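Peer 1: Straight from Swiss-Prot, here's the annotation block:
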TRANSIT   1-26  transit peptide
BINDING   55-85  FAD binding site
BINDING   229-265  NAD(+) binding site
Amino acid sequence: MLSKNLYSNKRLLTSTNTLVRFASTRSTGVENSGAGPTSFKTMKVIDPQHSDKPNVLILGSGWGAISFLKHIDTKKYNVSIISPRSYFLFTPLLPSAPVGTVDEKSIIEPIVNFALKKKGNVTYYEAEATSINPDRNTVTIKSLSAVSQLYQPENHLGLHQAEPAEIKYDYLISAVGAEPNTFGIPGVTDYGHFLKEIPNSLEIRRTFAANLEKANLLPKGDPERRRLLSIVVVGGGPTGVEAAGELQDYVHQDLRKFLPALAEEVQIHLVEALPIVLNMFEKKLSSYAQSHLENTSIKVHLRTAVAKVEEKQLLAKTKHEDGKITEETIPYGTLIWATGNKARPVITDLFKKIPEQNSSKRGLAVNDFLQVKGSNNIFAIGDNAFAGLPPTAQVAHQEAEYLAKNFDKMAQIPNFQKNLSSRKDKIDLLFEENNFKPFKYNDLGALAYLGSERAIATIRSGKRTFYTGGGLMTFYLWRILYLSMILSARSRLKVFFDWIKLAFFKRDFFKGL
């Protein structure tokens, strides 16, 4: 694990001369301006130990952050990463994890494994960024994570769990992603499970497993038994549909073998506010997906919005084609919330500090070169950037690849950093003057697993479509393409063997509970 390696070795050297370390901290007595969420009289400022090259600070460890790290030339920059999560998560397969189709450990890759492949200086801080301070070119970190404290009680940064510090940067890459959006609906946070991180997957498994055990002790026909065996998935996008499909696979393929009576009573509900599921696909594929879900006993609620969530039931309102609105109460034992994103607090805080971002809502507004509008040296990629593109992994990956190539070119232009930092307006013209091409997104299509070894897919590049269809063969195509998308050979091999194991054995659903 990255954190354990780093804490046991302050400096971890490899034959490729990569340096992965925690930077030392010194107190400079710098007065905090109070720009962050909390004001401190003095704050420790972490100075980069290598000043021979520009310092690039990456926030996050998701698709944008790790893809940028993979492609930037670390011989030209000193690169630092801040993230409370010490690993990259392959999010497209996260819906497969709660029921044990793939192991959670198979879809994560420690940051150190990416960093050690780079030449140059790579520094990782296992901490949460709470404030970006563009006036000082620093990022405030709230504390080291609990993992850091666990592995190194006497951490050499000299920070206590709640003590802040500031890290300096020359360039900042904001790639913190987004957090789930509950749209202000009461009860979602209290009673629902999100599906965005590994802990969410474990929580869903624990809840469903506990409900199965409780329901097994109740007589058939008991209303409480029916409630415990009711699963509601809110969100008809890829995450929600794939989560519902994976749950139904577990019920039909595994639970039916050792608890057949319970399996017959499990009811999965899929709730979607739009008139159709998977609306990013063409209509015939979305219709195929809906028919398949319903044929596998998943109850699909379309044009249905959740109005309120209570401990054991939710209130939903359905708007029919004739405009009539009806209300229904859906009892549930497990509620999965898989719809909507919103900006994280560190990003909404930055909205207030840059006048050009004051009206931003969904993410940081960026120009054609992914530079945050109103800033000289802050760039944003992925879900925390707003460029009119869908919040998908392929968008973040392409943005990161593009930006890393731009940074390599920037390093070759004399005085580029100096000229960029001195610009007061029309900042993007500097990129145009030096013949930088604007970012252009290449839509490669979309994939979605439906359950029962069926999937739908649209494969394209630009305006040319190579494949569109659904069914068993598309399921195998889905698997092949997902394997190819995994960023490390290690994770790719582990996922492949998880699928091989699934063909011969049941899922490891109750492991670690």
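A Cβ is built for glycine as well, from the same backbone N, Cα and C atoms used for every other residue.
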Peer 1: Could you tally the C-beta atoms, other than its own, that fall within 10 angstroms of the C-beta of SER67 (FAD binding site)?
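Peer 2: Counting Cβ neighbours of SER67 (FAD binding site) within 10 Å gives 26.
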Peer 1: Measure from the Cα of THR239 (NAD(+) binding site) to the Cα of every one of the binding-site residues TRP63, LYS75, SER83, then give the nearest.
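Peer 2: Of all the candidates listed, TRP63 is nearest in space.
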Peer 1: Out of the binding-site residues ASN55, TRP63, SER67, HIS71, VAL79, give me the one sitting nearest to ASP249 (NAD(+) binding site) by CA distance.
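Peer 2: Closest candidate to ASP249 (NAD(+) binding site), judged by Cα separation, is TRP63.
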Peer 1: By CA-CA distance, flag whichever of SER67, HIS71, LYS75, VAL79 among the binding-site residues is nearest to LEU259 (NAD(+) binding site).
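Peer 2: Nearest listed residue in space: SER67.
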Peer 1: Including all protein chains displayed, how many Cβ atoms other than that of HIS71 (FAD binding site) lie within 10 Å of its Cβ?
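Peer 2: HIS71 (FAD binding site) is surrounded by 16 other Cβ atoms within 10 Å.
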Peer 1: How many neighbouring Cβ atoms, not counting its own, are there within 10 Å of the Cβ of TRP63 (FAD binding site)?
Peer 2: 29
Peer 1: What Cα-Cα separation, expressed in whole Å, is found between LEU59 (FAD binding site) and ALA244 (NAD(+) binding site)?
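Peer 2: With the alpha carbons as reference points, the distance is 32 Å.
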Peer 1: Name the one residue among ASN55, HIS71, SER83 whose Cα is closest in three-dimensional space to that of LEU229 (NAD(+) binding site); these are the binding-site residues.
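Peer 2: Comparing Cα positions, the closest of these binding-site residues turns out to be SER83.
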Peer 1: Near the Cβ of ASP254 (NAD(+) binding site), how many other Cβ atoms are there if near means within 10 Å?
Peer 2: 20
Peer 1: Could you check what DSSP calls LYS75 (FAD binding site) once collapsed to helix, strand or coil?
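Peer 2: DSSP call for LYS75 (FAD binding site): coil, neither helix nor strand.
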Peer 1: Does DSSP give LEU229 (NAD(+) binding site) helix, strand or coil?
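Peer 2: Once the DSSP labels are grouped into three classes, LEU229 (NAD(+) binding site) ends up as coil.
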Peer 1: How many Å lie between the Cα of ALA244 (NAD(+) binding site) and the Cα of TRP63 (FAD binding site)?
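Peer 2: On Cα coordinates alone, these residues lie 24 Å apart.
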Peer 1: Going by DSSP, is LEU259 (NAD(+) binding site) part of a helix, a strand, or coil?
Peer 2: coil
Peer 1: Give the distance between the Cα atoms of SER67 (FAD binding site) and VAL234 (NAD(+) binding site), rounded to the nearest whole Å.
Peer 2: 30
